[in-house]
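Visitor: From TrEMBL, for reference:
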DOMAIN    27-147  domain 'Acyl-coenzyme A oxidase N-terminal'
BINDING   T153, G192  FAD binding site
DOMAIN    289-450  domain 'Acyl-CoA oxidase C-alpha1'
ACT_SITE  E435  active site, proton acceptor
DOMAIN    490-668  domain 'Acyl-CoA oxidase C-terminal'
Amino acid sequence: MVNYLNKTIQPGDNPDLTEERATATFNTNDMAAQIYGAEKRARRRREITAKIATMPELHDSKPYPFMTREEKILESARKLTILTEKMSEIIDPTDAAELYHLNNEVLGLEGNPMALHGVMFIPALSAQASDEQQAKWLTRAVKREIIGTYAQTELGHGTNLQNLETTATYDVATQEFVLHTPQITALKWWPGNLGKSSNYAVVVAHMIIKGKNYGPHPFMVQLRDEKTHAPLPGVTVGDIGPKMAYNIVDNGFLGFNQYRIPRTNLLMRHTKVEPDGTYIKPPHAKINYSAMVHVRSYMLTGQAIMLAMSLTIATRYSSVRRQGQIDKNQPEVKVLEYQTQQHRLFPSIARAYAFQFAGAETVKLYERVLREMKDGNVSLMADLHALTSGLKSVVTYQTGEGIEQARMACGGHGYSMASYISEIYGVAIGGCTYEGENMVMLLQLARYLVKSAALIKSGQSSQLGPLVAYLGAKSEATSLIDRVPNSGFTEYVKTFQHIARKQTLKAAEKFFGLMERGEKREIAWNKSSVELNRASRLHTRLFIVEAFVRRVNEVGDLTIKEALTDLLHLHVNYELLDCATYALEDGFLSSTQLDYIRDQVYLYLGKIRPNAVSLCDAWEFSDIELRSVLGRRDGHVYQNLFEWAKSSPLNKTDVLPSVNQYLKPMMEKARQGSKL
């Protein structure tokens, strides 16, 4: 038997797909180790997948698209309960990466009754609860004795935390906080698993002591009786209804009517309130942002995975779908042979890798901030908050674009739920809004950039943070792309730096100028906001490029390095082409250089073509995880698409009640009329 570099090949696969995999120039297992950060992590993913394959009780009882919402929730809870009992047989429960993969395989992207428990509730307690509070609550949460969520967003306010309306008023006499929802817009609205699953929540409310408002703070709040699961007196809670996707998760509403909790339910690792009402403030204004920064850091790799899933489906399907002829004397070709299809898919494959590597770098930075926070050092929090704000916005938007392109690349079958791409899109695109609406996120980064521009303007460039140090550097007169031989990616990085620097300083100067001409700061900011957001996008895209370059430079295996370098070449040329206006308007790039960049895109589409399927296979998504007929590992799409369609509940009977009750009488009546 041939020892193929692509380790997903099996006897009996669709020969068109095997043909694609046979041209791989790298070992897909080794590439998986790069994607997931270590050989051990990639190997453990394969072991977990193999174990799950032998446990039919953890498989979907029928395809999700053929289930009602209630059936999906019940199915998810069934599997979740089995997982809780058997988890230690399958994974190390303390390993977040293994738990994430297990959940994706078994429970899937549509969520589960404890989706927010692990990604928001436990991290909030870990980061913001005192040691004593963690001993009381965190242990119970980890053991799943209780189910929790994180309740911040309200019906009337989301991103604007300072205008949240839920209040927590301190009663000195009883040493209790009184939680209250003063009006309908103050209802907590959207928190995942709040509606029906959670019996506890970390609730963010404005803390009021002796008439003074100290702003939003997190409180640990019991919502439901632990035995009956009924809402406690003073608590109004429920599900907000179906959504575009992610409907296994019971996003909820929550209101309080003078609901009392002990003083010690204020999460007190960084903020404290003494029995007499004395307020001890945190050492840093943004310290309570840690839960949001945590989610944004991990969102990047989550988005990369969803983008890679959709591209795996589309690229595999494009390898078995034959349509049309390039040469009229030859048979129909795989649609992946068309340059238009390659241009639609390959730049997004490069982005998926770029987002994964940038995300991994950001997670490491977040973990460093957490370690330093425990020692009272919060100096990096503001920098990380700004960076994750920009990354969250750019990555979620471009992921949505890429998934939708993948769906359209599958033609009509991409519109079917059998592709599952529409569900992936629906889950991923929610990321443009939750944890901070994208436009607002860009403006949060813009504030950081404007402060940096102010330092440059006042001659204090030496005080710039490491992520924005390039803003204080001088640009060369013109880009040296295609001018300096063997320069690698250096000139591309310099060009991205130039356009990000120019746009940041230009937007900041517009803002400063408006204020100098008498505009109020808020008005000047609003009038500059579109240009500021453009600066934020360029700064973020620069970081992604630099993170990609850093990661490729670290790779030792020459075959892996070559394949990733091809992707990186495609990425920098495609992204720069997309941003070219900024470099053309001041002559930094010439039209001939632009032609060179465009030709490089086409060159690397061709170079990536033999590895396209293998670059997707290296993410190692099982059929159980993909839940896609079009993206099946074996490539046998058409027969399985027919079997999938036959399993539709509508096909259980030849004649539907709607026909008997309405359509048949309508047609009979029409026929009688025709006879008359």
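Every residue gets a Cβ built from N, Cα and C, even glycine.
Note that TrEMBL annotation is computational and uncurated.
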Visitor: If you average pLDDT over the domain 'Acyl-CoA oxidase C-alpha1' (289-450), what do you get?
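Guide: Result for the domain 'Acyl-CoA oxidase C-alpha1' (289-450): average pLDDT 92.
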Visitor: Measuring Cα to Cα, how many angstrom lie between G192 (FAD binding site) and E435 (active site, proton acceptor)?
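Guide: Their Cα atoms are separated by 12 Å.
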Visitor: What does the structure give for the C-alpha distance between the residue listed as 'active site, proton acceptor' and T153 (FAD binding site)? Integer Å is fine.
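Guide: On Cα coordinates alone, these residues lie 9 Å apart.
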Visitor: Taking the Cβ of T153 (FAD binding site) as reference, which residues of that chain separated by at least 6 in sequence fall under 8 Å from it?
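Guide: Spatial neighbours, sequence-distant, of T153 (FAD binding site): K188, W189, W190, P191, Y434.
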Visitor: What is the total of other Cβ atoms whose distance to the Cβ of G192 (FAD binding site) is within 10 Å?
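Guide: That number is 26.
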Visitor: Tally every other Cβ atom lying within 10 Å of the Cβ atom of E435 (active site, proton acceptor).
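Guide: Its Cβ has 24 other Cβ atoms within 10 Å.
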Visitor: Please work out the helix, strand and coil residue numbers for the domain 'Acyl-coenzyme A oxidase N-terminal' (27-147) from the DSSP assignment.
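Guide: Secondary-structure composition of the domain 'Acyl-coenzyme A oxidase N-terminal' (27-147): 89 helix, 0 strand, 32 coil.
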